[in-house]
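Let me begin by presenting the structure, written as structure tokens, before commenting on it.
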Amino acid sequence: MAATKGKILYKVYRALSYGLSPFLYLHLRWRVLRGLEHPLRWPERLGRPSHARPPGPLLWFHAVSLGESLATIPIIKQCILRRPDLNILMTTTTYSAFQVVRNCLPTGVIYQFAPLDTAAAIDTFIAHWKPKVIILMESELWPNLILGASQHGITMALLNARMSATSFKHWSIPVFIPLISLMLSKFSLILPLSNLQAIRFQLLQAPPPIISFAGDLKFAVEDIGMSVAEIKKVEDLRAQLAQRQVWMASSIHRGEEEVILEVHKMLLEAHPSLVTIIVPRHPLHGKEIALEMQKEGQNVALRSQGENITSGTNVYVVDTLGELRYLYGITSIAVVGGSFLPGLAGHNISEAAAAGCAVLTGPYIAHFSSMVAKMQQFNPMSVLQLIQVHGKLDLAEALRNLLGDDKVLEAHRLAAKHAQQALACGIIVGTWNSLDSNVLRSAFGVDDIHKCSDCWPHMKIASLVIFAHVRMPELSIQQLR
């Protein structure tokens, strides 16, 4: 009965997507004019390919934005290593992801923009690429994509699966449960981020046998490589900051710059040579921040303009894409934004931790609450989460403590780095093995190269050791071994 209701709801959704297609097309063109879509490749969003399909079986990876895309790359590399017989297609939704990811993908991986979830776009896309398996990242639950792929006999998996409280609330409305239940039943594997996420998927009637655990792929930070010119730019910046105290506010959303700049002014009283690096979520926002500060007569340097940090510069605004991971390496303190205003949900803190930064974040971290909790469970000093930000005083006080005591700062830096390293151990191999045994073998079969997974038992033991250490932090890794 529920399945029948789900199919009826899907037919309604599919019909609506047909009817709304002309309006979605106009919206897409409007986004192109605003610079939010690729000026030449935007037709890919309608399912129209810009690349020929190579012969042979094809595996399609899809992620929305930059963070999810970078988390996907280690799994793609595992696939290339273990299954070189497969063609790999990678899609993302956002233009900002495209600008970075296209230069990070391994050779031979085909890149396209993801189609809109309209019946026509999905049908056109699938008809051309004919994937045998689709790997979706995090929360990409679109009816036309999932149920359309299922009708073509395509196997699907959902990695780093999560569902926000808001999405869960919406899907839990009784009229929608048959549809989401039908969609989740089409997956062969769901790897949720946490127990809470697993419970949410089960409450929405995902079949329990398809739910497994492998860890958060965003812990598995990987060097994506830099050109000689890019390395030089970062090293030049490091040299300019060599004699200065530095802290960074990263992934800043609109409105959060007010918090950061107010705290910056407070800190200057005790640390007049301090440099605050601001990395907005979107480059255009960075230009706006710099312009506003210049109007106030402040000495601010803008990275996209190649402006150097002089003795009078106290604020450096990074309005570029794809450099954040390397910029973490030139600062000892990282305040990760997207977490200081209601309605925001946090950003990935593991990149800053991997670089050896003391990590701070605000109270609004819904999407990354599990990551923060795991790191704090491993070592409470690994992440400083400011539960409340009263007049910016809490953040300013936390930063004063770090800037004023080198030993305290070093302790927090080491705690963050060690927690990230421990929690990242075995995630890539564990995810690959779950994906392989539950999805790829049945869809593609087993080839000779695929069989060489003898290292997995050793990785599994390592993962169990780390798990035990998280549960019993009073015991050292050596004792648990």
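These residue numbers are counts, starting from 1, taken along the chain as shown.
The backbone N, Cα and C atoms fix where each Cβ goes, and this holds for glycine too.
A TrEMBL annotation is a machine prediction, not a hand-curated record.
These figures come from a predicted structure and were not determined experimentally.
Taken from TrEMBL as is:
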- 41-220: domain '3-deoxy-D-manno-octulosonic-acid transferase N-terminal' (DOMAIN)
- Glu68: active site, proton acceptor (ACT_SITE)
- Glu138: site 'Transition state stabilizer' (SITE)
- Lys218: site 'Transition state stabilizer' (SITE)
Over the domain '3-deoxy-D-manno-octulosonic-acid transferase N-terminal' (41-220) the mean pLDDT stands at 95
Glu68 (active site, proton acceptor) has how many other Cβ neighbours within 10 Å of its own Cβ?
25
Can you tell me how many other Cβ atoms are located within 10 Å of the Cβ belonging to Glu138 (site 'Transition state stabilizer')?
23
Let me know how many other Cβ atoms fall within 10 Å of the Cβ of Lys218 (site 'Transition state stabilizer').
22
In whole Å, how far is Glu68 (active site, proton acceptor) from Lys218 (site 'Transition state stabilizer') when you measure between their Cα atoms?
8
Just the number: how many Å between the Cα atoms of Glu138 (site 'Transition state stabilizer') and Glu68 (active site, proton acceptor)?
7
